[in-house]
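Enquirer: Input: one structure, supplied below.
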Amino acid sequence: MAGKKVLLVYAHQEPKSFNGSMKQVAVEELSKQGCTVTVSDLYTMNFEPRATRNDVTGALSNPEVFKYGIEAYEAYKKKALTSDILEEQRKVQEADLVIFQFPLYWFSVPAILKGWMDRVLCQGFAFDVPGFYDSGFLKDKLALLSFTTGGTAEMYTKAGVNGDFRYFLWPLQHGTLHFCGFKVLAPQISFGPEVSSEEQRKVMLASWVQRLKSIWKEEPIHCTPSWYFQG
């Protein structure tokens, strides 16, 4: 939709990967719609995943005992976080939709993306106490997880060896994104591209493009336990 701004946080080492293709077709389709698309290519950026005292540029509030959450909160209020964090926060703040594109690692995100979440979505910027879940500071924004798996779709069902995929989305979609206020759209899951045929991979890409054509009309999922653990 013309005028909309999208941040695509991309976490894969190889541009020629299937994740790279998913990222590229998303950029192309959203740009065709008139959206302004910004990509944070975390590996290319050599993004620092570790949350350390180096994230604070000024004096610590307690130099004797370092507590990252408290120090990041105080530093955010004083605009004393490092420039890489502030830049990513600026991108998030400007975005109407944030898409995370990544391969599933151990039922979660790659370490570099986990580090992005740890460092960027800090207290004061993304949430406060009170000021989380439906009252989170990013409540006017949409978020979507688009990821690939190593296994087939059948493996991520209730009867499958990995269980229903919604189980492992609970901490990511609910405990992270919804906690910060995001309205979470249904995930885009590309099951087993490495074990799929070229034709099947083309279908996955086409399905993603087709979905993006009407992405602004989608309703968020109900971020309640019933979505993840019932049905």
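Every residue gets a Cβ built from N, Cα and C, even glycine.
Okay, these came from Swiss-Prot:
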type	residues	note
BINDING	His12, 18-21, 104-107, 148-151, Tyr156, Glu194, Arg201	FAD binding site
BINDING	Phe127, Asp128, Val129	substrate binding site
BINDING	His174, His178, Cys223	Zn(2+) binding site
MOD_RES	Ser197	phosphoserine
Enquirer: Apart from His174, His178, Cys223, which residues in this chain have a Cβ no more than 8 Å from the mean position of the Cβ atoms of those residues at the Zn(2+) site?
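Expert: Neighbours found: Tyr133, Trp170, Gln173, Gly175, Leu177, Phe179, Val184, Thr224.
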Enquirer: Between the Cα atoms of Thr149 (FAD binding site) and Asp128 (substrate binding site), what distance do you get, rounded to the nearest Å?
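Expert: Each residue's Cα considered, Thr149 (FAD binding site) and Asp128 (substrate binding site) end up 33 Å apart.
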Enquirer: Cβ within 8 angstroms of the Cβ centroid of Phe127, Asp128, Val129: which residues besides those meet this for the substrate site?
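Expert: Apart from Phe127, Asp128, Val129, the close residues are Gln123, Gly124, Pro130, Gly131, Phe132, Gly136, Phe137.
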Enquirer: Taking Cα atoms as reference points, rank the recorded positions Asp128, Val129, His178, Ser197, Cys223 by distance from Gly151 (FAD binding site) and give the first.
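Expert: Comparing Cα positions, the closest of these recorded positions turns out to be Ser197.
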Enquirer: Using only C-alpha positions, which one of Phe127, Asp128, His178 is spatially nearest Ser21 (FAD binding site)? These are the binding-site residues in the record.
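Expert: Answer for the nearest of the binding-site residues: His178.
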Enquirer: Counting Cβ neighbours within 10 Å across all chains shown, tell me which of the binding-site residues Tyr105, Phe127 comes out on top.
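Expert: It comes out as Phe127.
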Enquirer: Check the Cα-Cα distances from Tyr105 (FAD binding site) to the binding-site residues Phe127, Asp128, Val129, His174, His178 and tell me which is shortest.
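Expert: If we rank Phe127, Asp128, Val129, His174, His178 by Cα distance to Tyr105 (FAD binding site), first place goes to His174.
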